Structures are given as C-alpha cells and as structure tokens.
Amino acid sequence: MKNLLMIGWKTLTKPSGYYSLGALVIGGFIAGIIFWGGFNTALEVTNTEKFCISCHEMENNVYEELKTTIHFSNRSGVRATCPDCHVPHNWTSKIARKMKASKEVWGAIFGTINTREKFLVHRKRLAQNEWERLKANDSLECRNCHNFDYMDFTEQSERASYQHSTALASGEKTCIDCHKGIAHQLPDMKGVEGW
Amino acid sequence: MKNLNLASIAGLMALVLAPVFISFTANSADKAEINTLATLRDHTEIDVQKEPNRIPKVVNKDIKQARNYPMQPPIIPHTIRSYEVNKNNNKCMSCHSRQRTEESQAPMVSVTHYMNRDGNFLAEISPRRYFCNQCHVTQLDAKPLVENTFVDMHSLMKQKTTSAKEH
C-alpha cells in the first residue's frame with residue numbers, strides 16, 4: 001500500500017517523459033471544463049424541485065403543504081420552487097448549504113422523519129433552522145424575488161404599507177420576522193418571538 | 001257490458017294520470033317559488049349543473065364596517081388566507097392578543113374572550129373563544145343575494161324622537 005502510494009507520488013513529481021507539454025496543457029484544460037461542467041450540472045440537478053420531492057419526506061409533508069399557499073398557486077402564475085427559498089443563489093453560500101445538506105441525506109437514509117408523526121415531532125426544530133438561516137442573511141431568499149426597492153407601497157394594503165415602510169425599511173425587522181409559515185404549516189409556536 | 005268496460009278504463013286512466021297532472025301543477029308552483037327566492041342556483045334546472053359564478057374577492061380595506069344585524073361579531077376587514085388557527089397556533093392572536101396589540105396596532109380582543117363560562121378571567125384566550133372564525137368572518141366583495149333591512153337601535157330611537165317632535 002505504502003509502495004503503491006510512493007509510485008503514484010513519484011509519477012506526479014517527475015516531469016512527463018512521453019506527452020508533449022502542449023498535449024498536457026490542452027488536455028488538462030479540456031478535462032477541467034468537462035469536470036467543472038459536470039460538477040455544476042450535477043449540482044444543479046440537486047437544485048430542482050423534482051430532486052427535492054423524490055424523497056417522500058419532502059413530497060408528502062412540505063410539498064403538499066406548499067401547494068395550498070400563494071407561493072404555489074396565484075393570479076400571475078409565478079411560483080417558487082423548493083430551492084428558490086431554501087438554497088442560497090450565490091455560489092459560495094450555495095456550496096456551504098449543500099455541504100450542510102449532507103446531514104439531510106443521512107436523515108433520509110436512516111428515516112429520521114419518514115412518517116408524518118416523526119416529521120411533526122421534529123417540525124419545530126426544522127422550522128427554527130430555517131428561520132435562523134433567513135434571519136441571519138436578512139431574508140436573502142425572500143429578497144431574491146421580493147425586492148424592497150421596487151415595492152410600491154400604494155399598491156399594498158394600509159397595514160402592509162405601514163409595516164413595510166417603517167419596520168422593514170429601517171432594517172429593524174426582516175421578512176421572516178412577520179412572514180413565518182408563509183409556504184408551509186407552522187409548528188407549535190409557543191415561545192417563538194412575536195407569537 | 002261494453003259501456004261498463006269503457007267507463008272502467010276511463011276511471012283507471014284518470015287514476016293513473018291524476019298524479020301526473022298533480023305533479024305538473026306542483027312543478028309550476030315550485031318554479032314560481034324558486035323565482036321569488038334568491039339562491040345561488042337561481043333558475044337552473046334540477047338536472048343541470050350551474051355555471052359557477054366568479055369567486056368574489058375578500059374585502060381587504062382594513063376599514064371597520066357597521067353591523068349588519070344586532071349583536072353581529074365584528075367582521076374581519078382583511079384577508080386571512082393561510083392563517084392557521086389550530087392546536088399549534090392561532091395566527092389571529094399573534095396580532096390581536098393583549099400582549100401583541102402594542103406592536104401590531106391591531107384591535108385588542110375583547111376582555112370577555114379571556115373569561116371562561118363562569119366569568120373567571122384566564123391568562124390566555126378562553127378555549128371556548130379560541131376559534132375566531134366561528135364568529136368573525138371576512139367579507140366578500142359581492143352583491144348581496146337579499147337586501148338587508150337592518151336598522152340600528154340608535155337610528156330607530158332617533159326616528160321616533162323626530163317623528164314625535166313633528167306631531
């Protein structure tokens with residue numbers, strides 16, 4: 001085993017005696033494109049709703065609940081899919097989230113929430129994870145679509161325009177502070193701030 | 001004998017046809033009845049599926065409205081789509097409860113809603129008042145099926161005093 005590793009290391013450190021420098025550089029470049037493209041494509045596949053609801057935990061609980069909300073069905077037909085709200089859009093944060101999500105793969109394999117009952121037991125903890133994430137990044141995933149700068153307060157109801165022009169505008173509150181449970185049902189909210 | 005036969009046949013005919021005639025007349029009476037009643041089905045035949053009306057919008061103006069009948073619970077002047085009121089939470093109370101009204105500036109739930117049926121005050125909303133939508137409802141922006149003739153007590157008293165003055 002050790003010898004095998006040494007042979008591998010020596011091959012890597014020695015200059016190439018057979019391939020031309022050009023072939024190595026161009027070959028490496030092309031291989032790089034293919035690997036990087038492949039990686040990104042695979043990453044994007046895991047970033048689709050179809051992938052998310054391929055696990056019945058997602059399909060039978062959260063996806064079913066999403067269906068009744070305005071983020072699924074509404075007058076203009078623009079809808080949010082799972083990754084729109086649950087995966088950051090910029091690359092580094094996305095990779096960080098994807099790495100964290102490996103724990104969810106563990107959960108899927110060992111059936112942490114594979115029944116509705118188990119899901120409901122864990123619901124508060126799971127919801128709190130998401131609230132904390134959105135609170136920490138100033139509801140970035142909401143703001144990917146709902147841009148504060150382009151909000152027309154005159155089009156909003158009186159209550160909404162009041163809250164948005166004061167608490168939200170001053171940065172004292174962020175979207176998730178008031179809009180909890182907007183796309184899924186809520187857990188027991190006892191002890192949650194603002195309830 | 002032949003005459004008798006004819007007579008009996010006529011009698012039988014009358015017996016058989018009578019219910020049909022009666023049902024005809026009953027039908028027309030029903031129809032007249034239907035025409036005077038305001039229902040969602042309106043004049044639609046019983047065996048026909050009515051083309052549904054457009055679903056009216058929920059009134060979302062945040063303006064308190066006058067009562068439509070005595071003791072009407074105040075109506076909800078905003079949309080309540082996806083508001084959960086269940087074992088886990090009461091979305092209404094996240095604005096309308098006593099602790100929350102300062103921040104939300106929403107009307108406070110009446111103190112009676114914190115009383116149990118023996119008149120004792122509770123720290124939280126009384127379980128018998130928990131389901132807000134049992135009494136408080138939103139209003140739809142729709143033409144009323146029947147006109148409301150409700151007159152408020154104070155208007156009645158005012159009318160009486162003015163008419164008394166005139167006489």
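Here, residue 1 is simply the first one shown, and the rest follow in order.
Here the Cβ of each residue, glycine as well, is placed from N, Cα and C on the backbone.
Listed in TrEMBL:
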type     : residues                            : note
BINDING  : A:Cys52, A:Cys55, A:Met58, A:Glu104 : heme 1 binding site
BINDING  : A:Cys82                             : menaquinol binding site
BINDING  : A:Cys85, A:His86, A:His184          : heme 2 binding site
BINDING  : A:Cys142, A:Cys145, A:His146        : heme 3 binding site
BINDING  : A:Cys175, A:Cys178, A:His179        : heme 4 binding site
DOMAIN   : A:16-189                            : domain 'NapC/NirT cytochrome c N-terminal'
TRANSMEM : A:21-39                             : transmembrane segment
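For the binding-site residues A:Cys82, A:Cys85, A:Cys142, A:Cys145, A:His146, A:His179, a Cα to Cα distance of within 10 angstroms from A:Cys52 (heme 1 binding site) holds for A:Cys82.
Only A:Cys142, of the binding-site residues A:Met58, A:Cys82, A:Cys85, A:His86, A:Glu104, A:Cys142, have a C-alpha within 10 angstroms of the C-alpha of A:Cys175 (heme 4 binding site). Neighbours of A:Cys142 (heme 3 binding site) among the binding-site residues A:Cys55, A:Met58, A:Cys85, A:Cys178, A:His184, defined as a Cα within 10 Å of its Cα, are A:Cys85. With the fewest other Cβ atoms inside 10 Å of its Cβ, the least crowded of the binding-site residues A:Cys52, A:Cys142, A:Cys145 in this structure is A:Cys145. According to DSSP, A:His146 (heme 3 binding site) sits in a coil region rather than a helix or strand.
For the recorded heme 4 site, residues A:Cys175, A:Cys178, A:His179 set the reference point as the centre of their Cβ atoms, and the other residues of that chain within 8 Å of it by Cβ are A:Ser139, A:Cys142, A:Lys173, A:Thr174, A:Ile176, A:Asp177, A:Lys180, A:Ile182.
Sequence-distant contacts of the residue listed as 'menaquinol binding site', defined as residues of its own chain at least six apart whose C-beta falls under 8 angstroms from its C-beta, comprise A:Glu49, A:Cys52, A:Ile53, A:Met58, A:Val62, A:Tyr63. For the binding-site residues shown (A:His86, A:His179, A:His184), fewest C-beta neighbours within 10 angstroms: A:His179. Compute the center of the Cβ atoms of A:Cys142, A:Cys145, A:His146, which mark the site for heme 3; besides them, the chain residues with Cβ within 8 Å of that center are A:Ser139, A:Glu141, A:Arg143, A:Asn144, A:Asn147, A:Cys175. In the shown protein chains, 15 other C-beta atoms lie within 10 A of the C-beta of A:Glu104 (heme 1 binding site).
Checked against A:His146 (heme 3 binding site) by C-alpha proximity, the binding-site residues A:Cys55, A:His86, A:Glu104, A:His179 yield A:His179 as the nearest.
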